[in-house]
């Protein structure tokens, strides 16, 4: 499983299937009515917002507003977020990248995995309880440099270049 607080959809772009992805703070990839829940075309919603309009629900007799399916401050996390309590028992490796680990309940996932589960932190500096367990690995420094170094060591350079090309082509198509 991939748990993310990001709302930019990069995990989707990288090919993580919906069944393996928990976007705790939602995503701009989908949009729905705040009253009736009807799904709407996210590109149309985005365009309306860019043009300064308030997207309205197209459902008959509904006067709700449509927003990207992101979690705003003060809103509840999706119910499926709490499934992490079941997933942690099957975790072989916890990879944590670019975080302060200060915002709960998301930050609690790092401590919820078993004490023998390796936790790898790639971050500007050590955070949370990472480094206290014998199975912890911490790679500190520039995030991009650390990831590229890890990619080189694993022999994944060609795969990363292919992903970057896919990302660049999707960015161009959206503009």
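Cβ coordinates come from backbone N, Cα and C, glycine included.
The domain 'Deacetylase sirtuin-type' feature in TrEMBL is assigned to 1-157. Taken from TrEMBL, the feature active site, proton acceptor covers 25. Residues annotated as Zn(2+) binding site in TrEMBL: 33, 36, 57, 62.
For the residue listed as 'active site, proton acceptor', the nearest neighbour among the binding-site residues 33, 36, 57, 62, judged by Cα separation, is 33. When pLDDT values are averaged over the domain 'Deacetylase sirtuin-type' (1-157), the model yields 92. Other residues of the chain with a Cβ within 8 Å of the Cβ centroid of 33, 36, 57, 62, the Zn(2+) site, are 34, 35, 37, 38, 58, 59, 63, 64, 66. Proximity of residue 33 (Zn(2+) binding site) to non-local residues of its own chain (separation of 6 or more, Cβ distance below 8 Å) is seen for 40, 57, 59, 62, 64, 65, 66, given in sequence order. For the binding-site residues 36, 57, 62, the ranking by surrounding Cβ atoms (within 10 Å, all protein chains) places 57 first.
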